[in-house]
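The structure under discussion appears below in the form of structure tokens.
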Amino acid sequence: MKKCILMLGTGGTIACKHTDGGLSPAITSEELVGYIPDVEEFCEVHTVQVCNVDSTNVTPEHWSMVSRAIEENYEKYDGFVVCHGTDTLAYTAAALSYMIQNSRKPIVITGAQKPIDVENTDARMNLLDSFIYAADDGSRDVNIVFDGKVIVGTRAKKERAKSYNAFSSINFPYPAVIQDQRVIRYIPPEDYKGGVQFFHEMNNSIYVLKLIPGQNPDILEYVFDKYQCIVIESFGVGGIPEYLVTKFYEVMKDWESRGKLAIVATQVVKEGSNMMVYEVGKKVKQDFDLLETYDMTLEATITKAMWLMARKHDGYEEMKREFYRMINHDIMGNGQA
Ligand SMILES: NC(=O)C[C@H](N)C(=O)O
């Protein structure tokens, strides 16, 4: 029997038209499907227009609009395809991985580098591939389909601004590829226990502080006071420079007692952190109950923290346990295994 898939349009280049003011999303979800008539051979497609925006304008509100639309239609469909702009697609894919957990039904996110109505577009292939993947029996959970590759929702990063292979999978293999309109699976689907879980709230009281050599320590006080979570994008495997340490210790004491979250990440995209290697990391990690990102992407780190902070919890220890709990393959090397 043909699968029934719901496509949710949110905008992005895939749906853009040329205007005097530059490319702007204007093509509807229904029109998008009209560009891939072959889809009718293997699935029935229904559409819904969640919004039609450049993904630069996407906020956690839009993530909630998508997750709510999926929950409302969850029982009626076999899978979901979300069309999205590429600029913040990796954030949305990570966010949806936390907002929709343990889904037996696939949620596929795709987009394009060129609008669907231009000649040399990647949009038609990406969209058709997404339906092929969404209609496949072994597909589950939140994944991106782009340029013939499947990337787990928590593992993507936009690494190219213009090329068709815009996304890389960070610290995790591709679970599958789509070749000649067939799914070639490298990682077999897992067994599922329990049902799907939806969480629609996110708390965006979070600031990412990217360190630069010689960073002025004044910024720490401001950021630590204003936000509930700070992610420090440090260098290498992770550490706090000595010119920041005095201020850091001063603000951290107060921060800990107020139950806020401090997470140390790294500016190095691949292979991840390990603060226990160098003195610049080890001492800080031992002196404070900091979280570190290990092999998580920054997109997953930020959206996991937003999801965690929006939930009721029994204090810091539980937050910490949850942060290190693997969700949709987001963290493997958490140093605690
Ligand atoms: N390729 C794209 O989709 C880029 C576009 N600015 C967006 O993210 O909506």
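Backbone N, Cα and C atoms are what each Cβ position is placed from, and that goes for glycine too.
Residues annotated as domain 'L-asparaginase N-terminal' in TrEMBL: 5-183.
The active site annotation in TrEMBL covers THR13 (among others). Classification of THR13 (active site) by DSSP places it within a helix. The local packing around THR13 (active site), expressed as other Cβ atoms within 10 Å of its Cβ over all shown chains, amounts to 24.
The feature active site, O-isoaspartyl threonine intermediate is assigned by TrEMBL to THR13.
Cβ neighbour count for ASP87 (substrate binding site) (all protein chains, 10 Å cutoff from its Cβ): 18. In three-state terms derived from DSSP, ASP87 (substrate binding site) belongs to neither a helical nor a strand segment and is classed as coil. Residues or ranges marked as substrate binding site by TrEMBL: SER55, THR86, ASP87.
Sequence-distant neighbours of THR86 (substrate binding site) (same chain, 6+ apart, CB under 8 A from its CB) are GLY12, THR13, SER55, GLY111, ALA112, GLN113, PHE146, LYS158, ALA166, PHE167. Under the heading active site, TrEMBL lists THR86 (among others).
Note on the domain 'Asparaginase/glutaminase C-terminal' (206-320): DSSP counts are 51 helix, 19 strand, 45 coil. The feature domain 'Asparaginase/glutaminase C-terminal' is assigned by TrEMBL to 206-320.
Put simply, the two farthest-apart Cα atoms among SER55, THR86, ASP87, the recorded binders of substrate, are 7 Å from each other. For SER55 (substrate binding site), the Cβ neighbour count at a 10 Å cut-off comes to 22, with all displayed protein chains included.
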